[in-house]
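Notes follow once the structure below has been shown.
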Amino acid sequence: MAEITPSPGGRLTEKEKTTVLEPTGSGRASSVEGDVRANRDADYDFERQKMAEGDAAFHQLGWKRLTVVLIVTAVALGSLSLPAAFSALGMILGVIISVGMGLLAMYCSYVVGQVKVKYPEVAHYTDAGRMMFGKWGYIIMTVMFVLQLTFTTASHVLTGAIMFGNLTDNGACTVVFAVVSGILLFLLAIPPTFSEMAILGYIDFVSIIGAIGITIIATGVQSANAEGGLAAVTWSAYPREGLTLHEGFIAVTNIVFAYSYALCQFSFMDEMHTPSDYPQAIFTLGIFEIFLYTLTGALVYAFVGHDVQAPALLSAGPLMSKVAFGVALPVIYISGSINTVVCARYIHGKWFKDSVIRYVNTPMGWITWIGVDAAITLLAFIVAEAIPFFSPLLAICAAIFLSGFTFYFPAIMWFMFIKEGKWTPWNLLLGALNVVAFIVGMVILGLGTYSAVKDIAVRYETGAVGTSFGCAPLA
């Protein structure tokens, strides 16, 4: 009887079964066996070709495009919440925290890059969790990673609903606007590679710069034309009178979390063709963010004063706020969708790690990829609409998760994986800097969580909590 090796997957095809039943001396059996082997070889060659093409497609990211996707992740409409943070903290403290946290976040991001270069097998932050804390570290980090990305996508569902409500003067139920936002986020998350997302990132960059520029100019002109001019604006160099601890720290966390881009950095760097080029991207992004955030927070606060709203473009006047929201439309959805892509890349890659499907260049690859994208977006929509206090809940998750991803995890990684040699003066200096990063992260974890929980309690006391799947305007 002819001996047949099963096809990949362990099952015999109908042709192989026929071959097994034919006598070995039969010419027909030899012919069928040859056909089976030829088909199997052709399938193997096709799969190998697709894997090679996929591997090449998933390693096209250079440092310039890395900078762009990091900007897409980091710079969104959240940057326009900084003037309100400056209003609470005062101009002096606002500028100090904005610059200081920006520099510290930039250094911690540099450490994340050092870990990726030294340990190329770390494809996502979850893999770093396994290296630091073993199996349970990997499991806990996976939950943190997926939840934070999904919740961030959910926040963009709500931001989009606010934008549509503002543009239409709340011309439809908020849930309708949220559904439209979810569909747009899903469609923009379909490109599976970060090099493709970087192309959208250029549009995103122009969008956010345009929205911020319009807001600054509009608020400046509005204040200059008001009675008393700019001299009459009620801004202060010092914290607002009567500021409570939880209000002050919510303002601090709004600034801190604007710099929280390290969460996705391992995932982005895994697609680089030359990962060692990452410092150029990190320093370009860090300096750009510090300049943009500090300038935006200080100028808009100086133009509007204590009455500045969050996001600040709502303070630009009815017409100009609509213009700014319209210009900001791409950044709302592109910055939101990249979180879906990072989350989907992680889940899809883990499910199909031993299959050509993971490269998303076969029919089954596209079907499964779109399915994972759709599931994440649907979950984000449900979470955003079902929880009536979603914004403070997002602040709790950010305090618990981003404090680690941005500050104290990189500090721990430096001590565990990066530090080399004895405690020389240079190592002592870096060690002290990482201790500061660790302490900052733990303070954000503790006080940030307390402040967000307190905010929820205050909302319930004042009746400011909304309803699940409600039609009322969000802002």
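Every residue, even glycine, has its Cβ placed from backbone N, Cα and C.
Listed features, source TrEMBL:
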REGION    1-34  region 'Disordered'
DOMAIN    60-452  domain 'Amino acid transporter transmembrane'
TRANSMEM  66-86  transmembrane segment
TRANSMEM  92-112  transmembrane segment
TRANSMEM  133-151  transmembrane segment
TRANSMEM  171-190  transmembrane segment
TRANSMEM  202-221  transmembrane segment
TRANSMEM  248-269  transmembrane segment
TRANSMEM  281-304  transmembrane segment
TRANSMEM  324-347  transmembrane segment
TRANSMEM  367-387  transmembrane segment
TRANSMEM  393-416  transmembrane segment
TRANSMEM  428-450  transmembrane segment
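Between the transmembrane segment (248-269) and the transmembrane segment (281-304) there are 3 or more Cβ pairs closer than 8 Å, counting only residues 6 or more apart in sequence, so the two stretches are in contact.
Note: the stretches the transmembrane segment (66-86) and the transmembrane segment (428-450) are not in contact (fewer than 3 CB pairs below 8 A, sequence gap of 6 or more). Sequence-remote contacts of a segment are chain residues at least 6 beyond its ends whose Cβ falls under 8 Å from one of its Cβ atoms, and for the transmembrane segment (324-347) they are 69, 72-73, 75-77, 124, 126, 145-146, 149-150, 152-153, 155-157, 159-160, 163, 166-167, 181, 184-186, 188-189, 191-192, 194, 197, 200-201, 203-204, 206-208, 210-211, 214-215, 218, 264, 267, 313, 316, 369, 372-373, 376-377, 380. Of the candidate ranges 92-112, 133-151, 171-190, 367-387, 428-450, 428-450 has the most C-beta pairs within less than 8 angstroms of the transmembrane segment (393-416). Contacts between the transmembrane segment (367-387) and the transmembrane segment (92-112): absent, as fewer than 3 C-beta pairs lie under 8 angstroms at sequence separation of six or more. The transmembrane segment (92-112) shares the most Cβ pairs under 8 Å with 281-304, out of the stretches 133-151, 171-190, 281-304, 428-450.
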